[in-house]
Every structure is written in structure tokens, then in C-alpha cells.
Amino acid sequence: MAAQRELYDAIVIGAGIQGCFTAYHLAKHSKKVLLLEQFFLPHSRGSSHGQSRIIRRAYPEDFYTQMMAECYSLWAQLEHEAGTQLYRQTGLLLLGMKENPELKIIQATLSRQGVEHQCLSSEELKQRFPNIRLARGEVGLLEVSGGVLYADKALRALQDAIRQLGGIVHDGEKVVEIKSGLPVMVKTTSRSYQAKSLIITAGPWTNRLLRPLGAELPLQTLRINVCYWQEKVPGSYSVSQAFPCFMGLGLSLAPHHIYGLPSREYPGLMKVCYHHGNNADPEERDCPAAFSDIQDVHILSGFVRDHLPDLQPEPAVMEHCMYTNTPDGHFVLDRHPKYDNIVIGAGFSGHGFKLSPVVGKILYELSMKLTPSYDLTPFRISRFPSLGKAHL
């Protein structure tokens with residue numbers, strides 16, 4: 001078949017936000033690129049669906065805050081190219097106890113990196129945001145440039161751009177076999193392809209593709225409950241009322257972050273979620289028998305009742321999303337330990353969407369054997385000492 005003889009510069013497996021930005025950078029640099037997606041687009045099986053994500057520079061680590069500087073400009077560039085709004089500035093409010101160490105570290109990082117922010121006392125918070133109820137000793141850190149990314153619009157814009165730049169997008173094609181070598185061979189349910197390099201951005205399916213290639217990453221796949229809460233007075237927590245996105249840090253009732261953003265999906269509802277979930281195989285994420293524990297919803301109900309009194313304290317809508325977590329919460333951006341023309345982008349741990357413009361650029365650079373634009377030490381596979389040679 002002609003398709004088998006055709007040689008691509010790169011094949012990208014997985015058309016979530018990371019794979020789309022990787023293919024976009026490849027196509028922008030005039031590379032012959034094929035983007036493969038096992039499901040028909042758009043779909044809600046992975047980690048990139050839905051209408052909204054938080055964008056922020058507020059991180060404890062300098063390297064993420066530095067990467068975000070370029071991400072903001074690349075998001076703006078995509079907005080301009082697509083002729084549609086992909087980002088809305090709302091501000092990001094971090095809530096925590098005054099002595100919370102993570103809050104202090106984030107504030108220090110923002111100061112060091114020259115990111116505009118404001119430290120708000122309990123009194124100032126009450127004046128600025130009267131519909132947030134605070135516990136005694138809670139303070140706020142407002143990152144001015146934080147806001148909302150329109151996730152579904154971003155995916156569509158990228159897929160359109162890839163095609164316009166000459167890239168090829170094939171959905172409804174599941175990869176069934178990868179043969180390492182030069183060229184690398186990729187067999188799907190429809191046909192076979194070959195390429196000089198392969199980039200795997202397969203989210204919770206990553207290890208299914210890596211195991212036959214002699215590698216396995218320490219990835220934990222979680223099903224997240226995405227909860228929407230009804231406003232008692234419509235509009236009280238809306239963008240039009242200048243209500244920000246928020247993150248609750250170090251809360252006594254919640255071992256993990258709680259985050260929220262003004263809802264665009266459902267008018268009159270606000271998205272408030274817990275940054276953790278239950279272990280789940282991505283193939284079985286919709287099986288109710290697998291998920292008896294909805295402790296996170298109880299945690300969220302308590303938070304809403306205590307902090308957001310103008311919301312009903314029970315979720316009105318609950319949807320699902322997948323996280324693919326690493327032990328340290330940092331990404332994997334690296335070449336396969338044995339095959340240097342196979343590149344892996346994985347383990348985005350529930351905070352990768354906003355960083356995808358730079359992640360895609362890095363994966364493009366790795367696949368083309370270019371010097372990466374950023375120090376990849378935090379993202380190397382070798383940081384996992386438990387991965388002995390037997391795994392690789």
C-alpha cells in the first residue's frame with residue numbers, strides 16, 4: 001500500500017492537548033507529521049476534554065513559572081491565528097492559612113520571577129470577595145494574570161491549524177503495534193505507517209504502548225470527579241462579577257488541593273473540584289462498580305458549605321476526567337531509554353494543560369534531535385531510581 005511506503009518525519013500518538021501542540025510545532029516547522037487518535041474526535045475519554053482549565057504562573061517551582069512565561073505568548077499566538085478567544089483573565093486566588101509553607105514558597109517564586117501578585121489579608125479578602133467565607137487565619141494570594149483557558153476551543157483550533165499547516169490527523173485509529181527501529185513502524189486498526197521519529201502522548205494509555213517496547217513508567221491513572229455546583233443567586237460567582245479562579249492549599253479537611261473556576265459549561269453553575277481521585281483503568285473508567293469511594297465529593301461539599309455559602313452544597317452535575325500522575329507530580333519529557341527516536345510525553349499529573357504549548361515545543365525538539373529550550377532535569381525518566389535496568 002502507498003500508505004506503508006510513505007515516510008513521515010514524525011508520528012504523534014494521542015490527540016489530547018499535548019499531542020496536538022506537539023504536532024502543531026512539527027507542522028509549523030514544515031515537518032511531515034501524522035497525528036493518531038484512537039477515538040473519534042472530539043471525545044471525553046481522556047484528560048483534555050471539557051470547556052475550561054485554569055491557567056496560572058503560580059507554582060512553587062521556578063521552572064514551571066519560567067515555562068509559563070512562554071506559554072502565555074504561545075497561547076496568545078494560537079488565539080491570533082485561530083481568530084477566537086482561548087483565554088480569559090480572571091485572576092487566580094490562592095487561599096490558605098497565613099503560615100502555610102506552600103503559600104509562602106509560591107509567593108517567593110512569583111516575587112523572584114517578577115510575576116504581578118497581591119497578598120491579601122483576611123480583611124482585604126472579605127472586602128474584595130464578600131461571597132467567600134474564610135476560616136480564622138486564612139489569607140489570600142492573588143495572581144493577576146491567572147484565568148481560564150477554553151479547552152475544547154483550544155483543541156479544535158490546534159487540530160484545524162495542524163491540518164492547515166499540512167499535517168495529517170487520523171482519528172478512530174487505535175495503535176495495536178509499534179516496531180522500534182529506523183524507521184519506526186506503527187500499526188493501527190486501519191493500516192501501518194512508518195516515520196523517522198515517534199512521539200507518545202497517550203495519557204493514561206502510555207504504559208500500554210511502552211511495555212512492548214521494554215519500558216514502564218511509574219504512572220498512576222486516576223478517575224477524577226469534575227463537579228459543578230448550583231449558584232443560589234445566578235451570577236454571584238461569575239466572571240462578569242469579577243470572581244476569580246481559585247485554589248485552596250493545605251486545607252485541614254483536604255490532603256490535596258481544591259480548585260474552582262467560574263463555569264462556562266453550565267450557566268449558573270460553578271466548577272469546584274478536588275485535585276485527586278480514585279485509581280482507575282482508562283478502559284474501565286465508566287464502570288460504577290469500580291468506584292465505591294466518593295470521599296472527594298464529601299470533602300468538596302464541606303469546602304463549599306464552609307467557604308462558598310452562595311452555592312448549593314451538593315453537586316448539580318458530575319462528570320469525569322482522567323489524571324496520569326507521577327510519584328513527584330512532575331512530567332516525563334524524555335527519549336525512550338533504548339530507542340532515541342521514540343520520545344515520551346507523559347505523567348502530566350492534572351496540571352499539564354496550561355503548559356502544553358511549551359511541552360509540545362520540547363517534544364518537537366527532542367524528536368528532531370534539537371537542543372531543548374529548557375533544562376529537562378526535572379522531567380527525565382532517570383529521576384525514578386526504582387526503575388532498574390530490568391524495566392528498561
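Including glycine, each Cβ sits where the backbone N, Cα and C put it.
There are 25 other CB atoms within 10 A of the CB of E37 (FAD binding site), with all protein chains counted. Summarising the annotation, Swiss-Prot assigns FAD binding site to 9-39.
Non-local contacts of K126 (N6-acetyllysine) by the CB criterion (under 8 A, 6+ apart in sequence, same chain) comprise I132, L134. Residues or ranges marked as N6-acetyllysine by Swiss-Prot on the basis of similarity to another entry: K126.
Per Swiss-Prot, S-8alpha-FAD cysteine is recorded for C321, and the stated evidence type is similarity to another entry. Cβ contacts within 10 Å of C321 (S-8alpha-FAD cysteine), excluding its own Cβ and spanning all protein chains shown: 20. C321 (S-8alpha-FAD cysteine) falls within a strand when secondary structure is assigned with DSSP.
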Problem set entry | Around the Cβ of I13 (FAD binding site), the count of other Cβ atoms that are within 10 Å | 24
For this session: Report, in whole Å, the straight Cα-to-Cα distance of C321 (S-8alpha-FAD cysteine) from H25 (FAD binding site).
Result: 26
Problem set entry | Fewest Cβ neighbours within 10 Å, where candidates are the binding-site residues H25, H29 | H29
Exercise. Including all protein chains displayed, how many Cβ atoms other than that of V33 (FAD binding site) lie within 10 Å of its Cβ?
Worked result: 29
Exercise. Between H29 (FAD binding site) and C321 (S-8alpha-FAD cysteine), what is the CA-CA distance rounded to a whole number of Å?
Worked result: 32
Exercise. Any idea what the Cα distance is from F21 (FAD binding site) over to C321 (S-8alpha-FAD cysteine), rounded to a whole Å?
Worked result: 20
For this session: Can you figure out which of D9, I13, I17, V33, E37 (the binding-site residues) comes closest in space to C321 (S-8alpha-FAD cysteine), comparing Cα atoms?
Result: I17
